[in-house]
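Annotated features in Swiss-Prot:
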SIGNAL    1-27  signal peptide
TOPO_DOM  28-738  topological domain 'Extracellular'
DOMAIN    44-344  domain 'GP-PDE 1'
CARBOHYD  99  N-linked glycosylation site
CARBOHYD  186  N-linked glycosylation site
CARBOHYD  242  N-linked glycosylation site
CARBOHYD  251  N-linked glycosylation site
CARBOHYD  326  N-linked glycosylation site
CARBOHYD  353  N-linked glycosylation site
DOMAIN    360-661  domain 'GP-PDE 2'
CARBOHYD  413  N-linked glycosylation site
CARBOHYD  424  N-linked glycosylation site
CARBOHYD  488  N-linked glycosylation site
CARBOHYD  528  N-linked glycosylation site
CARBOHYD  540  N-linked glycosylation site
CARBOHYD  647  N-linked glycosylation site
REGION    702-734  region 'Disordered'
COMPBIAS  719-734  compositional bias 'Polar residues'
TRANSMEM  739-759  transmembrane segment
């Protein structure tokens, strides 16, 4: 009987266990699959290298504090641990202290030389100073291309313990770069870390030295920090095994014996060719995950020249590592954690057809001219593909009156005309502000079509070049071609046609650009009621008045000057002939020494008068943005859209602006810190007033006198022209002085010289 009861009990227990197991399996099957193909399925970590070191001195209080304020809640603070003479740990980016501190000014005679990994190195080493010695030493920028304005602040060196207690980070990462060096000088990094772990919560420890991990193995217990092996350049030698990092990479199972993760440069995963374009990704992430290793990536910063494939957009770079359809790394080490945070939380796993969270017009400037030569077929097609709402055409006229799209009336700004036989068409036209140029009205349309387009490089002097492989790609577009392309697009809401120099062309060249535009609109099937909205833009009120008289197209008045205010009477004048206004970025957020000083009320006043406001010019290059936008075009767009409330952006990089519309973070009830618009003047409060020169004169106020213009003059009779290919008299403005004779002599000389060289 007792055995029967026991059997029944066992059977009952078995049934219960089966039911519990089935319930667990059912629950697991219903659990949603993580969108993150990381090792754990958790979102990648944002690791702030030295805090917000892209702006503030690395490892300073301000850098760490700002990183916490602007990043995801679980952001990791990174500390490069160095040991002082008295074996205390400080957060400092390098062994030597000259580049990132005021050590040389405080102790000018205490420079020494030591071998570091076998290389003789001179400098002010942390091992020669006690913590007390360093109390008067301040942290400064370590990268000279970054702002020096924060160097004048009091930025004392922080210890590992002070970062932990003052910052209270969600996660704390200690990087040990030179354990072997400290050991040579009788300082034990492992002993310091073990002692520190009793009062400091350490979540990650990394090092590029294999022997270091052998020293600390088992010293932190089962719940100790994650250990991460840091890879340096593949051809560099790991100092304790005398093997290259590339050879260690081929044996990840070996790495797994002492570490739970690896930290690698970006190039280990997405290598670049010699022209800085992406090559196919490696299998490192998948291989490491198979070996049970997390993969963290270093080298992210907004103010460096990244792969051309990203179009100077740091968000695109982050997404290529975490949201590419193949893999995701487990964390990114960044100098600008705000961008890493927004990339992961706001823009990851967002398709191109995702719901728009905000509505504004994305208007191009010469198409996607940041990626291809402006006003070419390729620039316009990419703009449409990238999600532009409105594509634009800056209309120019050839000598035979054909309207076409080009950024400037000066062919030399957008083509390689100066390298062709047409260089003898150069003229000087004071009315157009030139000392000598080859103008569109100096060549026929047939001649212009033979020219090679040239991409714009506004930051050439700093060696920031746009898409060099495609710098001369595409073909120039007539206005007719442009309108036909737009009409056949299902995604565009409109076109913007810019008209300038109309008075000069009528008076001096006998060309009527207003008539040419209106005729082409009619010929290409556009009418006043067409589904594709037509906007006519000009800086001249007289041009827009003329268009208003002859059509019902929407007119847009462009204010070229940077202004601090606009009179109500001027707005009333504008409303008589314009339906919208374009203003410059600095007319919204004035800037001094690359810092935003305030916000004007120009946008608010125009919108109160029912005039939509479009703002130009948005570019992705970090040099185009004040420091308040953290070298991130998305932060800039966010500040103008949600902060200033503008109605549209005029941009050379429409993809970045169009992607912003689908920003998931904009759909949330509360504004998250990494999607908060810049507060005008806030960053300036962190800068010492002595760091600035005397204030410059403020921008002017826009008045009625700036709006009022006489009517457009009538078209004058055009002088007879010479045959194509010869020095053309029609290229010479009556008030200009030609340079044809000199150009012709130079051309002949060049041909004679070339003939002699061929002999």
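Numbers run from 1 along the shown chain.
For all residues, glycine too, the Cβ spot is worked out from N, Cα and C.
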### Task
Give the residue from the glycosylation sites 353, 413, 488 that has the most other Cβ atoms within 10 Å of its Cβ, counting over every protein chain displayed.
413
### Task
Would you count the other C-beta atoms found within 10 angstroms of the C-beta of residue 647 (N-linked glycosylation site) for me?
19
### Query
For residue 353 (N-linked glycosylation site), which of the glycosylation sites 99, 251, 540 has the nearest Cα in space?
540
### Query
So of all those glycosylation sites, 186, 413, 424, 540, 647, which one's Cα sits nearest to residue 326 (N-linked glycosylation site)?
647
## Note on the structure
Cα nearest residue 424 (N-linked glycosylation site) among glycosylation sites (99, 242, 488, 540, 647) -> 540
### Query
C-alpha of residue 488 (N-linked glycosylation site) to C-alpha of residue 647 (N-linked glycosylation site): distance in Å?
25
#### Entry: Assigned element (helix, strand, coil) containing residue 242 (N-linked glycosylation site), judged by DSSP
coil
### Query
From the Cα of residue 186 (N-linked glycosylation site) across to the Cα of residue 99 (N-linked glycosylation site), what is the distance in angstrom?
25
#### Entry: Spatially closest candidate among 242, 251, 540, the listed glycosylation sites, to residue 647 (N-linked glycosylation site) (Cα to Cα)
540
### Query
Just the number: how many Å between the Cα atoms of residue 540 (N-linked glycosylation site) and residue 413 (N-linked glycosylation site)?
22
### Task
Could you round the CA separation between residue 251 (N-linked glycosylation site) and residue 413 (N-linked glycosylation site) to a whole angstrom and send it over?
53
